[in-house]
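Annotated features in TrEMBL:
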type    : residues                     : note
BINDING : H121, H170                   : Cu cation Z2 binding site
BINDING : H122, H420                   : Cu cation Z3 binding site
BINDING : Y247, E250, M258, D264, S311 : Ca(2+) 2 binding site
BINDING : H313, H369                   : Cu cation Z1 binding site
BINDING : K441, E456                   : Ca(2+) 1 binding site
BINDING : H481                         : Cu cation Z4 binding site
DOMAIN  : 522-625                      : domain 'Cytochrome oxidase subunit II copper A binding'
REGION  : 530-625                      : region 'COX2-like'
BINDING : H571, C606, C610, M617       : Cu cation A1 binding site
BINDING : C606, W608, C610, H614       : Cu cation A2 binding site
Amino acid sequence: MKKGKEKETRRLPNLSRREFMRNTAAVGALGAGIAATGLAPVRAAKASAIEKTVVPPGELDEYYGFWSGGPSGEVRILGIPSMRELMRIPVFNYDGASGYGLTNESKRVLGPDAPPNGDTHHVHMSYTDGTYDGRYLFVNDKANTRIARIRCDVMKTDKVIGIPNVQAIHGLRLQKVPRTGYVFCNGEFRIPHPNDGSILDEPEKYYTLYTAVDADTMEIKWQVIVDGNLDNTDTDYSGKYAAATCYNAEGAVDLAGMMAAERDWTVIFNIPRIEQAVREGKYITLGDSKVPVVDGRGRTPYTLYVPTPKSPHGVNTSPDGKYFIANGKLSPTCTVISIELVDKWFAGELKDPRDVVVAEPELGLGPLHTTFDGRGNAYTTLFIDSQVVKWNIADAIRAYKGEKVNYIRQKIDVHYQPGHLKASMAETKEADGKWLVSLCKFSKDRYLNVGVLKPENDQLIDISGERMELVHDGPTFPEPHDAIMVHRSKLKTVRKIWDRKDPYFAETVEMAKRDGVVLERDNKVIRDGNRVRVYMTSSAPRYGLNEIRVRRGDEVTITITNIDKIEDLTHGFTLCDHGIAIEIGPQQTSSVTFKAEKAGVYWYYCQWFCHALHLEMRGRLLVEP
Ligand code: CUK
Ligand code: CUA
């Protein structure tokens, strides 16, 4: 009895919670005693790991985390390892604090009649030579079939475009080498062409397309028609290939039909060949769109369909550039595709599309996404098992060849049901294997109960050592899908105040010029029929105009230039009872247009606490009847 107890105690520090529970159950009454003596070393080890996540007051995080916000339509910035939320970037959503979606500058970004919502899943940073270059972030809107670009120097959305001929942009990834020329976007749902009601319940006629967008101009360069649907996508480190998963090879429109086949596929796109086809005019166009569309269905020079079990979800490129790894979702496996062998396939040297597969490790239930530490290990989320599994790629390849080797390094419990996971710098050739975040879909009992809608649980795991250690729980508003962790050295060009020549408000500056107004100095009201253009400055704690007089029925444009130069001295302009609030950062010009429909006195005030006399920073809009 005593001997057994000692043995168990010694083994405990290396046991997972579930193994521990199993063990205590097995030894029955001994459980309590083991827990008391056994847990101490576990806690001690964790305390030292947890300490690494502490960023003391006044100190800065080492990594920027960029998180998608799901149906909130936004992108969030977190600090890693503290997991503090630092900022939110409105992208497809209306934002009441900054007036994004309301200011003329943001309306130019969003375009006319922009829907009020979005569903962001995949946020990725632009690359040069296979690593982050700090220029842009790109993100999808699954809900309204759009993509957006965010300028990293000011962390504001600067372009939003719709993607034609498809419905629901899901997977989004960027060309990594030589630089981000293309943004690749997956059209997820198969739809009829044309989608004008002439074809309805004939799913056999539906199809979807893969889209390449020019990252610099945000013009759509080409599209490829594919078999099946498109789920996630990733690109290689040569600039030659992109891969996308398909979970509905069946082309079904109901659940049972979508799960029927044992294998769906990973489709690999040969980018130079598609570009060549476009150059040679081997394309069609669809409907009103002028975008060249190449047909990549069936066996073509442009596409390779690799049979992949079963309804695969994520696809991830290893940072050494050697493999695409497709995550089996309904199969307990990941499928490892050798990019070198993909070269051979396209050179005509292989017979069977499955010949490019070099490993298919069995990992656990519900593999969704994989990330990397740059030391040859992969980390995969197991949605159904609520675990992250660490496995070795080289060993998985040896096992596939028939060698008896255990490629599983460790499984760690996460809480609960993880979707994406991401390690620091893992989507670059500089994957540094320090931190990993598991974006768990369910948080259940991990936080105080805040009502029926629960936060997500983003868990930080230390992967710097041999063993993964869970070190932090971070609640997030539902629901981030994906995230990236970027070393702060990649973002040295983030500005502290606006440049007066910034293109974000250049059109507003032009308007002022036409009115003969010097924005940084003048406080003027210009009447132009029943259009009134008001120009004023803001400088803590006052606006350039204490009162503005207009007539009922006027269309009023208020343009404010914040002439303060102090970092973080942001002012606002809120007009009472008009639904108007906008942000004016230091050295920024912001404008908003509205109709003065109600006669009377309406106070406007600054909504950022900018000065001891912030409450006094206000004025009156006098609307004559
Ligand atoms: S998807 Cu959400 S967990 Cu949209 Cu990348 Cu996998
Ligand atoms: Cu300006 Cu408060």
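Backbone N, Cα and C define each Cβ position, glycine as well.
A TrEMBL annotation is a machine prediction, not a hand-curated record.
Feature map: annotations from TrEMBL on the structure.
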residue	record	Cβ neighbours (10 Å)
H122	Cu cation Z3 binding site	26
Y247	Ca(2+) 2 binding site	23
M258	Ca(2+) 2 binding site	18
S311	Ca(2+) 2 binding site	23
H369	Cu cation Z1 binding site	26
H420	Cu cation Z3 binding site	28
E456	Ca(2+) 1 binding site	21
H481	Cu cation Z4 binding site	22
C606	Cu cation A1 binding site	25
H614	Cu cation A2 binding site	17
Alpha-carbon distance [K441 (Ca(2+) 1 binding site); H170 (Cu cation Z2 binding site)] in Å: 18
Neighbours of C606 (Cu cation A1 binding site) among the binding-site residues Y247, E250, S311, H313, H614 (Cα to Cα, within 10 Å): H614
Structural state of H571 (Cu cation A1 binding site), classified by DSSP into three states: strand
Residues among the binding-site residues H121, H122, D264, H614 that border ligand 2 - Cβ under 6 angstroms, in sequence order: H614
Among H121, D264, H420, H571, C606, the binding-site residues whose C-beta sits under 6 Å from ligand 1: H121, H420
Beyond the site residues Y247, E250, M258, D264, S311: chain residues whose C-beta lies within 8 Å of the centroid, for Ca(2+) 2: G228, N229, C246, N248, A249, A252, M259, A260, A261, K310
Neighbour tally for H121 (Cu cation Z2 binding site), based on other Cβ positions within 10 Å of its Cβ: 23
Cα-nearest neighbour of D264 (Ca(2+) 2 binding site) within the listed binding-site residues, H121, H313, H369, H571, W608: H313
Environment of C606, W608, C610, H614, the listed Cu cation A2 site - residues of the same chain whose CB lies within 8 A of the CB centroid: A540, P541, T570, H571, G572, Q607, F609, H611, M617
Set of same-chain residues at least 6 away whose C-beta sits under 8 angstroms from E250 (Ca(2+) 2 binding site): G228, G257, M258, A260, A261, D264
Listed in sequence order, residues with CB under 8 A of H313 (Cu cation Z1 binding site) and six or more positions away: D231, N232, T245, Y247, N327, G328, K329, P367, L368, H369
Residue among binding-site residues H122, H420, H614 with Cα closest to the Cα of H571 (Cu cation A1 binding site): H614
M617 (Cu cation A1 binding site) and H122 (Cu cation Z3 binding site), Cα-Cα, nearest whole angstrom: 40
Spatial neighbours of K441 (Ca(2+) 1 binding site), counting only the binding-site residues H121, W608, H614, M617 and Cα distances within 10 Å: none
DSSP residue counts for the region 'COX2-like' (530-625), split into helix, strand and coil: 3 helix, 54 strand, 39 coil
Among H170, K441, H571 [binding-site residues], residue with fewest other Cβ within 10 Å: K441
